[in-house]
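Taken straight from TrEMBL:
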TRANSMEM  B:12-35  transmembrane segment
TRANSMEM  B:107-131  transmembrane segment
DOMAIN    B:107-297  domain 'ABC transmembrane type-1'
TRANSMEM  B:143-166  transmembrane segment
TRANSMEM  B:178-198  transmembrane segment
TRANSMEM  B:219-244  transmembrane segment
TRANSMEM  B:276-297  transmembrane segment
Amino acid sequence: MAEVVLNGVSKAFGDETALDNVNMTVPDGSFVVLLGPTGAGKTTTLRMVSGLDKPDAGHVSIGGRDMAGLTPAQRDVAMVFQQYSLYPHLTVRQNLEFPLKSPILRTRQSVIDQKVGEVAEILQISHKLGNKATALSGGEMQRVSIGRALVRNPSVYLMDEPLSSLDAKLRSDLRIELKNIQANSGATLLYVTHDQIEAMTIATHVGVLDNGRLVQFGTPREIYENPVSVYAASRLGQPRINVVPADLFGGAPQAAETIGLRPEHIVQGEGEDSMVKRVEHLGDQTRLHLAFKNHDLITVTDAHTELSEGDIVKIRPEKPYYFDASGARVA
Amino acid sequence: MSFSVTEPTKGTKWFAGVLVVAYAVITLIPLLWIIATGFKSPADSIAYPPVVVFEPTLEGYVNLFTDRTRATEDMLEAAGPPQTWYEEIARERGTVISGPSRYGERFLNSVIIGFGSTALCMILGTAAAYAFSRFRVPLKDDLLFFILSTRMMPPIAVAIPIFLMFRNLGLNDTHLGMILLYTAVNLSLSVWLLKGFIDEIPMEYEEAALIDGYTRFQAFYKVVLPQAATGIASTAIFCLIFAWNEYAFAVLLTSGEAQTAPPFIPNIIGVNGKDWPAVAAGATIFLVPVMVFTVLLRKHLLRGITFGAVRK
């Protein structure tokens, strides 16, 4: 287990900048989730740490050791690939054994059998161990791919959208399982996802990437409650933060161009009138789609609300975020 | 672009069937004719109109594998009654067997040179193709074109320089010389074919192996090679067929020690007249190794083993 430090890491593929001077410290034993849309540099960051790609500038160190010039095998990292990358000529069992049989580990067969058995149990693939890796569903392949990382005990786990192909039930099961494994083993985990629920529930830290730059790094709560920009604010929160012109409500600071309202920033029952456009009952909560001075707002209300389409609700903002013209937070 | 996949109609199936059968008949008739001729008597083999139903004899095969001399009455009496079935066949033509022919040796030469050059070609070809496919090689496209261009001229164009070169190097009429020559000729084909097959194998597998604690070479050996098996098998068949059938260089560069079967078979004509059954027998046996090799590797040709373990 080890701390991972990225120091001024930049990488370009041709004219495309993939990473731009990224500085990030992944603390020992932390579960760091990287968030950002496609092309933000999440996967590239993992590849820098793994050694599959070399940075154009900057340094990566793991456990205090500079990784420059070291091969992936020498870095002692395990990685779950987004495309699964199971060895198609091997069975599921052989795929899981593969890292343990590497010339670096040379594990005894009894230990291999035990490890593979345990991991297969956790991932619910014990009954598929004899299958060819190609004779699996997408979700099963993804689990084998996670298993191939979990059989080892590396200094860092790197996971690239490891739960994306699973159904909702399995996904939430494995989310908890991954969190448990990480918490119990003290492993350091660097994790890429699009799914903000995953980020909020399992991360100890979240890194928000925008066009190859790390724009914010902190606990999920910090990022949620204290975003540095419109961009960072819109990465987390369901329903998404409402972004409207700053002068809509009045009382905005001088530099503010837009105002960001999370659902809980909209107080109902006082202030100015808005009209209910749609009511979505989700069971534990109800979402309200409101029209306010020609702008759409989405907020959350009581699960058993009596409101229906066409009703008028008074609203006012409560401690919203203000952003300047470039999207940076001003208050 | 879209196209519809529909069940072929009865008419198209019937038409396709006729086409396949017709093609098979056209390609197989010469083959069947050669095999049949091997079992004909010399008279039947040149009969006109050709005989289709005939009394089979092993005379062609006996003549192929033996040297015979015309026997006088005294010799026959001295030799006594024939001891074996093949002596009996020779005796019927008034000859006695004086010893084995050189066909066995020539055939063995073909095996050594054909399979030797194919093996060497696969080792070098796979390594080169992997490098061209995966690494940044300076002047890659030019090098690939240069490699292919060695295949553009007819063998006869380089025959004389190669002949002189071989004589100076002492490679004339040696197994090593022929293996090197056929490897050099086949390598362009094998590099190009194998590069195509290796390009098809996604890089992710090797990357996974690198992460899993293997070196680049181990990843190549454990992950890429098994998946390239299909491509290697089909390329090996092409290389073997070329090396096996090659005639021009073999005539020019081999005469004794390392002579292969192709230049030897026509030599049968002339020693004892036009012995077509023996020629046909030689050709029939000559077909067998390539057929066996192809049949053995057939399952690799049909198996799409890399199908579907990487999400596209």
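In case you wondered, yes, glycine gets a Cβ from its N, Cα and C as well.
Within the same chain, the transmembrane segment (B:219-244) packs against the transmembrane segment (B:107-131): three or more Cβ pairs sit under 8 Å, each pair at least 6 residues apart.
Among residues of the same chain six or more beyond the transmembrane segment (B:276-297), those with a C-beta under 8 A of the stretch's C-beta atoms are 31, 34-42, 45-46, 57, 59-61, 63-64, 103, 107, 110-111, 114, 233-234, 236-237, 240-241, 244, 261-262, 264-266, 268-269. Per-stretch counts of Cβ pairs under 8 Å to the transmembrane segment (B:178-198) identify B:107-131 as the leading one among B:12-35, B:107-131, B:143-166. Here the transmembrane segment (B:143-166) has long-range neighbours at 132, 137, 172, 177, 181, 184-185, 187-189, 191-192, 195, 248-249, 252-253, meaning same-chain residues at least 6 beyond its ends whose C-beta is under 8 angstroms from one of its own. Remote same-chain residues near the transmembrane segment (B:107-131) are listed as 137, 175, 178-183, 186-187, 190-195, 197-198, 220, 224-225, 228, 232, 235-236, 239-240, 243-244, 254, 257-262, 285-286, 289 (criterion: CB distance under 8 Å, separation of at least six residues from the stretch ends).
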